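Notes follow once the structure below has been shown.
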Amino acid sequence: MRSWSAPKVPKLPGSGLPLRLYDTATREVRETEPSGKARMYVCGITPYDATHLGHANTYLAFDLVNRAWRDAGHDVHYTQNTTDVDDPLLERAQAIGVDWRELADREIELFRTDMEALRILPPRDYVAVTEVIDDIAEVIVRLMERGATYRIGDDVYFSVAAAPKFGAISGYDEETMRRLFAERGGDPGRAGKRNPLDWLLWRGERPGEPSWESPFGRGRPGWHVECTAIALRHLGPGFDVSGGGSDLIFPHHEMGACEGHVATGEWPFARAYVHAGMVAYEGEKMSKSRGNLVFVSELRHEADPMAIRLALLARHYRSDWEWTPDRLTEAEARLARWRAAVARPAGPDGAALLARVRERIADDLDAPGALALIDAWAAADGDDASAPGLVRDMVDALLGVAL
């Protein structure tokens, strides 16, 4: 599937530092150690509504990872999916009276436009689930061959008993797992399951639902195995970062990691699991089900997309925080100050600022710390004639903000 257009990224002098990120699985900030090529998979949207600021916050976080790796000299292989067949999409399409494919195509195109406006570097592989049904079925066959599955009618389930590493990503206790599984699309109470936490790999054909042929009958894939199959196809096991919002820690990333482990025999499925915090609005997490969304497509018609980007960068990527209009006002003022500063004929030492900003970004993407350093530079005087141009390029290359 077509990705979106890539902005030009300035080449900075010198080289970026090794990137350290908080790994959910080990509960510590540790160095990412890509061997030449850096491989990253970030879970994409289910395209049944427009991109909201919660989405933007997540994809901006991993855009910083992408940029930091590139600055350090790595060739980045970034893969992202879009879940273009799933229950919420089918339900929304039926509710508004359109074909589910039409709805998905429309929202995917809007997502592309939003990502371009925010200057998010595009993935090398932008993959729709409906493009890789055969690959997904192949992974399920491998799980079957390893005795990790069972059937309930025409549906195929993964057995938690076959996953020795289950729980290694989240570290959650069983009570928490059951609660989150029920809240996030699981079916712990379904009759016939061997364990309430067993999860769906393949949903047998239902009347009025899209379906595809497979070695185990017509149907469509479950959510978790979709990302497992796409990551294996494009990146292989042991890729550097698996990313998404913190609401994907469980069940999605936990279950996907187990599928990858059992299917390949290799652990870890990803070398680090990195998660962005949740954005709230009007007192609750921003989500489609709650209807408290701030859409990027609407906001960027009211404000410079670079101000939106700066508003998101002002909070550490792992933080949970609440959006208010004041945050955009503050970001617009910051953007104006920075643009005025790089328009000067000279400024304080640009090379020293670059070194310090690189340190902040390398330390678990401390974007707020980087912003504070640039604020101080913009407020000071200096006689380095090369500084304004260097700072303009630095802000573009590392933070993705065009001045």
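FYI, residue positions are counted from 1 along the chain as it appears here.
Using the three backbone atoms N, Cα and C, a Cβ is placed for every residue, glycine included.
Residues or ranges marked as L-cysteinyl-5'-AMP binding site by Swiss-Prot: C43, G44, I45, T46, T58, N81, T82, T83, W223, G245, S246, D247, V279. For S246 (L-cysteinyl-5'-AMP binding site), applying a Cβ distance below 8 Å and a minimum sequence separation of six or more within one chain yields H275, A276, G277, M278, R318, D320. The DSSP secondary structure for S246 (L-cysteinyl-5'-AMP binding site) is helix.
Under the heading Zn(2+) binding site, Swiss-Prot lists C43, C227, H252. There are 22 other CB atoms within 10 A of the CB of H252 (Zn(2+) binding site), with all protein chains counted.
When pLDDT values are averaged over the motif ''HIGH' region' (45-55), the model yields 94. Annotated motif ''HIGH' region' per Swiss-Prot: 45-55, in sequence order, evidence recorded as sequence analysis.
Secondary structure of the motif ''ERGGDP' region' (183-188), assigned with DSSP and counted as helix (H, G, I), strand (E, B) and coil, comes to 1 helix, 0 strand, 5 coil. According to Swiss-Prot, the feature motif ''ERGGDP' region' maps to 183-188.
Here Swiss-Prot flags 285-289 as motif ''KMSKS' region', drawing on sequence analysis. For the motif ''KMSKS' region' (285-289), the residues of the chain that approach it from at least six positions outside its boundaries are 48-49, 52-54, 88, 247, 278-279, 323, judged by C-beta separation under 8 angstroms.
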Helix-strand-coil residue split for the motif ''KMSKS' region' (285-289), DSSP-based: 0 helix, 1 strand, 4 coil
Proximal residue to H252 (Zn(2+) binding site) among binding-site residues I45, T58, T82, W223, V279 (C-alpha distance): W223
C227 (Zn(2+) binding site) versus C43 (L-cysteinyl-5'-AMP binding site) - Cα distance in angstrom: 7
Cα within 10 Å of C227 (Zn(2+) binding site) - qualifying binding-site residues among I45, T58, T82: T82
Residues close to Zn(2+) site centre defined by C43, C227, H252, Cβ within 8 Å: N81, W223, H224, E226, S242, G244, L248, H253, G256
Counts of helix, strand and coil residues, the motif ''HIGH' region' (45-55), according to DSSP: 3 helix, 1 strand, 7 coil
DSSP three-state assignment for T58 (L-cysteinyl-5'-AMP binding site): helix
